[in-house]
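*Asks:* What follows is a single structure, and I will ask about it in a moment.
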């Protein structure tokens, strides 16, 4: 069972990750690419950020520290690759490649984290 303190910490952590995910997309598209943003873009950025925050919050609440670390690592690598693709440009495909690489690295981090957490849990269970 989670305590009130861990729930509030999870909420704060989830909010911080969601805010950072939103800001990274906003800065990448608005500042680096120089694209004009519309309401639908902000809704999409908010949806992505909300999903990242919820996943982070759940991983923290369930005390999946390995999965949380790999997920946040995937988010960091994905943002780096996205910004790199935005800067390189790649003759007009940089924006699409950047967003797809962000999604890819986030999914890789989440799946690798869940698999590593399962392996660790099974190891601890069968070690006894």
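Yeah, the Cβs are placed from backbone N, Cα and C, and that goes for glycine too.
Sharing the feature lines straight out of TrEMBL:
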- 12-33: transmembrane segment (TRANSMEM)
- 39-61: transmembrane segment (TRANSMEM)
- 68-87: transmembrane segment (TRANSMEM)
- 99-123: transmembrane segment (TRANSMEM)
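Any idea what these are sitting next to in the structure?
*Replies:* Non-local neighbours of the transmembrane segment (12-33) in the same chain are 41-42, 45-46, 48-50, 52-54, 56-57, 60, 72, 75, 79, 82-83, 86-87, 94-95, 98; each lies 6+ residues outside the stretch with a CB under 8 Å from one of its CB atoms.
Panel annotation: around the transmembrane segment (68-87), residues 17, 21, 24, 28, 32-33, 52, 55-56, 59-60, 94-95, 97-99, 101-110, 112-113, 116 of the same chain, lying at least six beyond its termini, place a Cβ under 8 Å from a Cβ of the stretch.
With a cut-off of 8 Å between Cβ atoms, the residues of this chain six or more beyond the transmembrane segment (99-123) that come close are 52, 55, 59, 64, 66-75, 77-79, 81-82, 85.
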